[in-house]
Amino acid sequence: YKLSVSPEMDIMEYCRKEWRGNTPAAKRMRKGYEAVAQKFASIRRIRGDNYCAFRATLFQALSQATQLPRWLQSEDFTMLPENLLSKYDWIKQWQLRQKPGKRMGEIRDEIKEYLILLRKKWKNISEIKDPVEKQEACDKLFKNEEEEYSLYEALKFLMLNTAIELYNADKSGKRVPVFSWLLFARDTSSNPCQLMHNHLNHIGHSGGLEQVEMFLLAYALQYTIQVYRLYKHSTDEFITLYPNDPEEDWPVVTLITEDDRHYNIPVRMCQETML
């Protein structure tokens, strides 16, 4: 049985274990970890199974949640599958986890269940005041495979919804963030239907999130995702923000990556950083 989120480990101890050699890559990684260790004391490894970007982001968001985000409070939130399926027939080909070939009604009801679960879990965890209890509740949720993967399906569907909104806004001449052009400039995702078929349907199965999809996830959650990209140490891309011009009131979650494919999470901010 694989843990979704491993227990805490000292960051530099982890680094010494993983990067022993004297190659330029190992030296760069060590420098990167030293920089992260200025701000955070520990690291938690995230299980790598093509869902790790979702897992790391959602775990961090829930760990520090003190209230339900506005978009989760809206009345229409759980009506999303119904509303989108009534407008876009192609969403019938949404690939539910391990359940290919579902009928339209089943897809609608199942995604609605996932969205309800996301709201419920977020609400419950954000109401826990004691930090130790909050952490325990997060650990427990990420040990329940059935619930955990249902939450990732909800996130994928929110990404699709955000992509449709951005695509329509651009087509009607409204201003959209730059990443939205990049998202739809790819040969494999020139519109939301292609994005679903060639990308979203494969996340968690045969691939993880690409860079441009990290932006989409950030927009869907209305969170700023700050990533220490260790292999970019000593360049201006070492700390990358998704989106790079975040809204002032968006909360920030922090992740670590060595290669832009797998993500871990730093925990325990050092005291002086908090001040």
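Using N, Cα and C of the backbone, Cβ positions are placed for all residues, glycine too.
A TrEMBL annotation is a machine prediction, not a hand-curated record.
In TrEMBL this protein carries:
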type     : residues : note
ACT_SITE : D49      : active site
ACT_SITE : C52      : active site, nucleophile
ACT_SITE : H262     : active site
SITE     : E237     : site 'Linear diubiquitin binding'
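For the pair H262 (active site) and D49 (active site), the C-alpha distance works out to 9 angstrom.
For the recorded positions D49, E237, the ranking by surrounding Cβ atoms (within 10 Å, all protein chains) places D49 first.
Of the active-site residues C52, H262, C52 has the largest number of other Cβ atoms within 10 Å of its own Cβ. Cα-Cα distance from the residue listed as 'active site, nucleophile' to E237 (site 'Linear diubiquitin binding'): 21 Å (rounded to the nearest whole number).
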